[in-house]
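Novice: Annotations for this protein, taken from TrEMBL, read as follows:
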DOMAIN    98-278  domain 'ABC transmembrane type-1'
TRANSMEM  42-64  transmembrane segment
TRANSMEM  104-124  transmembrane segment
TRANSMEM  136-158  transmembrane segment
TRANSMEM  164-183  transmembrane segment
TRANSMEM  204-223  transmembrane segment
TRANSMEM  259-278  transmembrane segment
Amino acid sequence: MTAATHSAAIAATTASSQPVTAKAQAVKPPAKKRRRFQWKSSFWIANLLRIAMIAAMLAAWQIAADQGAINAFLMGSPAGIYQEAVRLMETGQLWQDTYATVEATLIGFLVGSLSGAFCGLLLWCFPYIARILDPFFVALNGLPKIALAPMIIIWFGSGMLSKVALAFVATFIVSLLSAYQGTHQIDSSLVNLMRSLGATQRLIFLKLVIPATLPWIIASFRLNIGFALIAEIGGEFIASDKGLGRMIFVSGNLFNLNAVWVGIMMLMLVAVTLYALVARVEKNILPWNSK
(Lines of atoms letter the chains of each structure in order from A and count residues from 1; the text may use other names and numbers.)
(Lines give C-alpha, C1' and ligand atoms only; values in the text may rest on other atoms or scores of the structure.)
Protein backbone atom coordinates (compact mmCIF):
# COMPACT_ATOMS: atom_id res chain seq x y z
CA MET A 1 0.00 0.00 0.00
CA THR A 2 1.44 3.35 -1.05
CA ALA A 3 1.62 6.37 1.21
CA ALA A 4 -1.09 8.12 -0.81
CA THR A 5 -3.43 5.14 -0.51
CA HIS A 6 -2.77 4.91 3.25
CA SER A 7 -3.56 8.60 3.72
CA ALA A 8 -6.78 8.29 1.71
CA ALA A 9 -7.91 5.36 3.87
CA ILE A 10 -7.26 7.29 7.06
CA ALA A 11 -9.17 10.30 5.73
CA ALA A 12 -12.13 8.11 4.75
CA THR A 13 -12.20 6.45 8.16
CA THR A 14 -12.08 9.81 9.94
CA ALA A 15 -14.83 11.24 7.75
CA SER A 16 -17.08 8.25 8.35
CA SER A 17 -16.61 8.46 12.12
CA GLN A 18 -17.36 12.19 12.37
CA PRO A 19 -21.14 11.96 11.82
CA VAL A 20 -21.41 9.25 14.44
CA THR A 21 -19.46 11.31 16.97
CA ALA A 22 -21.52 14.39 16.22
CA LYS A 23 -24.73 12.41 16.58
CA ALA A 24 -23.61 10.95 19.88
CA GLN A 25 -22.74 14.40 21.17
CA ALA A 26 -26.10 15.73 20.03
CA VAL A 27 -27.99 12.94 21.78
CA LYS A 28 -25.94 13.16 24.99
CA PRO A 29 -27.66 15.57 27.40
CA PRO A 30 -25.65 18.46 28.83
CA ALA A 31 -23.78 17.72 32.06
CA LYS A 32 -25.54 20.56 33.90
CA LYS A 33 -28.98 19.15 33.09
CA ARG A 34 -27.89 15.67 34.14
CA ARG A 35 -26.62 16.98 37.46
CA ARG A 36 -29.86 18.89 38.04
CA PHE A 37 -31.91 15.78 37.28
CA GLN A 38 -29.76 13.66 39.59
CA TRP A 39 -30.05 16.24 42.38
CA LYS A 40 -33.84 16.42 42.05
CA SER A 41 -34.09 12.64 41.99
CA SER A 42 -31.97 12.26 45.13
CA PHE A 43 -33.94 15.08 46.80
CA TRP A 44 -37.30 13.40 46.23
CA ILE A 45 -35.96 9.96 47.14
CA ALA A 46 -34.58 11.33 50.42
CA ASN A 47 -37.92 13.01 51.23
CA LEU A 48 -39.85 9.83 50.45
CA LEU A 49 -37.55 7.85 52.74
CA ARG A 50 -38.06 10.38 55.54
CA ILE A 51 -41.83 10.21 55.15
CA ALA A 52 -41.72 6.42 55.14
CA MET A 53 -39.63 6.38 58.32
CA ILE A 54 -42.01 8.73 60.12
CA ALA A 55 -45.05 6.74 58.96
CA ALA A 56 -43.46 3.47 60.12
CA MET A 57 -42.64 4.90 63.56
CA LEU A 58 -46.15 6.31 64.01
CA ALA A 59 -47.73 3.03 62.91
CA ALA A 60 -45.56 1.02 65.30
CA TRP A 61 -46.36 3.45 68.11
CA GLN A 62 -50.12 3.23 67.47
CA ILE A 63 -50.06 -0.57 67.24
CA ALA A 64 -48.09 -0.80 70.49
CA ALA A 65 -50.60 1.50 72.21
CA ASP A 66 -53.60 -0.46 70.88
CA GLN A 67 -52.11 -3.81 71.92
CA GLY A 68 -51.22 -2.56 75.39
CA ALA A 69 -47.47 -2.93 74.87
CA ILE A 70 -47.09 0.66 76.07
CA ASN A 71 -49.26 2.71 78.39
CA ALA A 72 -51.13 5.20 76.20
CA PHE A 73 -51.95 7.31 79.28
CA LEU A 74 -48.26 7.83 80.07
CA MET A 75 -46.86 7.75 76.53
CA GLY A 76 -49.72 9.06 74.42
CA SER A 77 -50.65 7.67 71.01
CA PRO A 78 -50.71 9.07 67.46
CA ALA A 79 -54.51 8.87 67.32
CA GLY A 80 -54.83 10.66 70.66
CA ILE A 81 -52.30 13.30 69.61
CA TYR A 82 -54.25 13.94 66.41
CA GLN A 83 -57.53 14.31 68.31
CA GLU A 84 -55.92 16.66 70.84
CA ALA A 85 -54.36 18.73 68.05
CA VAL A 86 -57.75 19.11 66.36
CA ARG A 87 -59.32 20.18 69.66
CA LEU A 88 -56.60 22.75 70.37
CA MET A 89 -56.88 24.14 66.85
CA GLU A 90 -60.66 24.41 67.07
CA THR A 91 -60.46 26.31 70.36
CA GLY A 92 -57.69 28.52 68.98
CA GLN A 93 -55.36 27.84 71.89
CA LEU A 94 -52.70 26.19 69.73
CA TRP A 95 -52.51 29.17 67.36
CA GLN A 96 -52.42 31.70 70.20
CA ASP A 97 -49.66 29.88 72.06
CA THR A 98 -47.65 29.31 68.87
CA TYR A 99 -47.92 32.97 67.89
CA ALA A 100 -46.80 34.10 71.36
CA THR A 101 -43.76 31.82 71.27
CA VAL A 102 -42.76 32.68 67.70
CA GLU A 103 -43.20 36.42 68.26
CA ALA A 104 -41.00 36.58 71.36
CA THR A 105 -38.43 34.20 69.87
CA LEU A 106 -38.10 36.16 66.62
CA ILE A 107 -37.78 39.53 68.34
CA GLY A 108 -35.19 38.28 70.82
CA PHE A 109 -33.34 36.36 68.11
CA LEU A 110 -33.15 39.28 65.69
CA VAL A 111 -32.23 41.91 68.27
CA GLY A 112 -29.72 39.68 70.05
CA SER A 113 -28.10 38.25 66.93
CA LEU A 114 -27.81 41.52 65.02
CA SER A 115 -26.61 43.60 67.96
CA GLY A 116 -24.18 40.87 69.01
CA ALA A 117 -22.74 40.63 65.50
CA PHE A 118 -22.40 44.42 65.31
CA CYS A 119 -20.58 44.58 68.65
CA GLY A 120 -18.30 41.72 67.60
CA LEU A 121 -17.38 43.56 64.41
CA LEU A 122 -16.89 46.78 66.33
CA LEU A 123 -14.34 45.13 68.61
CA TRP A 124 -12.06 44.77 65.57
CA CYS A 125 -11.71 48.54 65.62
CA PHE A 126 -10.76 48.54 69.32
CA PRO A 127 -8.42 45.56 69.88
CA TYR A 128 -7.22 46.83 73.27
CA ILE A 129 -10.77 46.95 74.63
CA ALA A 130 -11.43 43.52 73.12
CA ARG A 131 -8.48 42.02 75.01
CA ILE A 132 -9.78 43.48 78.27
CA LEU A 133 -13.34 42.21 77.77
CA ASP A 134 -12.44 38.81 76.33
CA PRO A 135 -12.46 36.87 79.68
CA PHE A 136 -15.88 38.31 80.55
CA PHE A 137 -17.31 37.25 77.18
CA VAL A 138 -15.96 33.72 77.62
CA ALA A 139 -17.46 33.51 81.13
CA LEU A 140 -20.86 34.72 79.93
CA ASN A 141 -20.80 32.33 76.99
CA GLY A 142 -20.18 29.37 79.30
CA LEU A 143 -23.00 30.39 81.64
CA PRO A 144 -26.29 28.51 81.07
CA LYS A 145 -28.60 31.35 80.08
CA ILE A 146 -31.63 29.67 81.64
CA ALA A 147 -29.96 30.31 85.03
CA LEU A 148 -30.68 34.00 84.50
CA ALA A 149 -34.40 33.38 83.97
CA PRO A 150 -35.52 33.98 87.60
CA MET A 151 -33.74 37.35 87.75
CA ILE A 152 -34.94 38.43 84.31
CA ILE A 153 -38.53 37.53 85.17
CA ILE A 154 -38.26 39.51 88.43
CA TRP A 155 -36.86 42.51 86.55
CA PHE A 156 -39.18 42.48 83.52
CA GLY A 157 -42.25 40.61 84.79
CA SER A 158 -43.88 37.49 83.41
CA GLY A 159 -45.01 39.01 80.12
CA MET A 160 -43.51 39.10 76.68
CA LEU A 161 -40.66 41.45 77.60
CA SER A 162 -38.99 38.91 79.89
CA LYS A 163 -39.16 36.20 77.21
CA VAL A 164 -37.64 38.54 74.63
CA ALA A 165 -34.90 39.41 77.12
CA LEU A 166 -34.11 35.73 77.66
CA ALA A 167 -33.86 35.10 73.91
CA PHE A 168 -31.70 38.21 73.59
CA VAL A 169 -29.27 37.06 76.29
CA ALA A 170 -29.06 33.58 74.75
CA THR A 171 -28.14 34.90 71.30
CA PHE A 172 -26.15 38.08 71.92
CA ILE A 173 -22.93 36.54 73.23
CA VAL A 174 -22.90 33.78 70.59
CA SER A 175 -23.12 36.26 67.72
CA LEU A 176 -20.61 38.59 69.34
CA LEU A 177 -17.97 35.88 69.80
CA SER A 178 -18.58 34.44 66.32
CA ALA A 179 -18.23 37.82 64.63
CA TYR A 180 -15.14 38.70 66.67
CA GLN A 181 -13.56 35.33 65.89
CA GLY A 182 -14.34 35.87 62.21
CA THR A 183 -12.41 39.15 62.21
CA HIS A 184 -9.34 37.27 63.44
CA GLN A 185 -9.46 34.98 60.39
CA ILE A 186 -8.95 37.86 57.95
CA ASP A 187 -5.59 37.72 56.20
CA SER A 188 -3.47 40.54 57.64
CA SER A 189 -1.72 40.94 54.29
CA LEU A 190 -5.04 42.07 52.77
CA VAL A 191 -5.43 44.69 55.49
CA ASN A 192 -1.87 45.91 54.96
CA LEU A 193 -2.40 45.99 51.20
CA MET A 194 -5.49 48.19 51.53
CA ARG A 195 -3.63 50.49 53.92
CA SER A 196 -0.71 50.77 51.51
CA LEU A 197 -3.18 51.82 48.81
CA GLY A 198 -4.47 54.61 51.05
CA ALA A 199 -7.65 52.99 52.39
CA THR A 200 -8.94 54.42 55.65
CA GLN A 201 -9.89 52.33 58.67
CA ARG A 202 -13.55 52.93 57.87
CA LEU A 203 -13.13 51.77 54.28
CA ILE A 204 -11.26 48.63 55.38
CA PHE A 205 -14.03 47.89 57.87
CA LEU A 206 -16.80 48.28 55.29
CA LYS A 207 -15.13 46.69 52.26
CA LEU A 208 -13.07 43.90 53.86
CA VAL A 209 -13.96 43.14 57.48
CA ILE A 210 -17.74 42.95 57.14
CA PRO A 211 -17.83 40.85 53.92
CA ALA A 212 -15.12 38.49 55.20
CA THR A 213 -16.95 37.96 58.50
CA LEU A 214 -20.43 37.37 57.05
CA PRO A 215 -20.06 33.55 56.88
CA TRP A 216 -19.21 33.47 60.59
CA ILE A 217 -22.17 35.71 61.43
CA ILE A 218 -24.64 33.62 59.43
CA ALA A 219 -23.29 30.45 61.06
CA SER A 220 -23.99 31.97 64.48
CA PHE A 221 -27.54 32.78 63.36
CA ARG A 222 -28.10 29.08 62.64
CA LEU A 223 -27.05 28.22 66.19
CA ASN A 224 -29.02 31.07 67.70
CA ILE A 225 -32.32 29.71 66.38
CA GLY A 226 -32.07 26.80 68.80
CA PHE A 227 -30.64 28.88 71.64
CA ALA A 228 -33.42 31.46 71.37
CA LEU A 229 -36.12 28.78 71.41
CA ILE A 230 -34.55 27.02 74.41
CA ALA A 231 -34.38 30.25 76.39
CA GLU A 232 -37.89 31.22 75.34
CA ILE A 233 -39.43 27.89 76.36
CA GLY A 234 -37.48 27.90 79.62
CA GLY A 235 -38.91 31.30 80.47
CA GLU A 236 -42.43 30.10 79.66
CA PHE A 237 -41.92 27.10 81.94
CA ILE A 238 -41.05 29.36 84.88
CA ALA A 239 -43.61 32.14 84.50
CA SER A 240 -45.87 32.92 81.58
CA ASP A 241 -49.56 33.20 80.81
CA LYS A 242 -49.28 31.97 77.21
CA GLY A 243 -46.93 30.20 74.83
CA LEU A 244 -46.07 26.66 73.79
CA GLY A 245 -43.81 26.24 76.81
CA ARG A 246 -46.66 27.10 79.15
CA MET A 247 -48.98 24.71 77.28
CA ILE A 248 -46.45 21.88 77.60
CA PHE A 249 -45.82 22.62 81.27
CA VAL A 250 -49.50 22.84 82.24
CA SER A 251 -50.46 19.78 80.17
CA GLY A 252 -47.67 17.78 81.78
CA ASN A 253 -48.90 18.69 85.26
CA LEU A 254 -52.37 17.52 84.22
CA PHE A 255 -50.96 14.24 82.77
CA ASN A 256 -52.32 15.18 79.35
CA LEU A 257 -49.44 13.64 77.41
CA ASN A 258 -51.19 14.00 74.07
CA ALA A 259 -51.26 17.78 74.49
CA VAL A 260 -47.60 17.69 75.53
CA TRP A 261 -46.74 15.90 72.29
CA VAL A 262 -48.75 18.46 70.30
CA GLY A 263 -46.71 21.26 71.85
CA ILE A 264 -43.42 19.45 71.24
CA MET A 265 -44.25 18.73 67.60
CA MET A 266 -45.31 22.33 67.04
CA LEU A 267 -42.01 23.48 68.55
CA MET A 268 -40.13 21.20 66.17
CA LEU A 269 -42.08 22.65 63.24
CA VAL A 270 -41.31 26.19 64.39
CA ALA A 271 -37.60 25.38 64.76
CA VAL A 272 -37.39 23.82 61.29
CA THR A 273 -39.23 26.77 59.72
CA LEU A 274 -37.00 29.37 61.37
CA TYR A 275 -33.89 27.41 60.41
CA ALA A 276 -35.10 27.25 56.81
CA LEU A 277 -35.61 31.02 56.81
CA VAL A 278 -32.04 31.57 58.01
CA ALA A 279 -30.79 29.16 55.33
CA ARG A 280 -32.73 31.11 52.70
CA VAL A 281 -31.21 34.38 53.90
CA GLU A 282 -27.75 32.80 53.73
CA LYS A 283 -28.40 31.61 50.18
CA ASN A 284 -29.40 35.12 49.10
CA ILE A 285 -26.56 36.92 50.87
CA LEU A 286 -23.80 34.33 50.41
CA PRO A 287 -24.72 32.25 47.35
CA TRP A 288 -21.15 30.94 47.06
CA ASN A 289 -21.17 29.72 50.67
CA SER A 290 -24.54 27.86 50.68
CA LYS A 291 -24.77 24.16 49.90
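Note: Cβ is positioned from N, Cα and C throughout, glycine not excepted.
Annotations in TrEMBL come from automatic prediction, not curation.
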Novice: Determine whether the transmembrane segment (204-223) and the transmembrane segment (42-64) share at least three Cβ pairs under 8 Å, counting only pairs 6 or more apart in sequence.
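Specialist: No, these stretches are not in contact.
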Novice: Residues of the same chain, at least six outside the transmembrane segment (42-64), with any C-beta under 8 angstroms of its C-beta?
Specialist: 70, 77-79
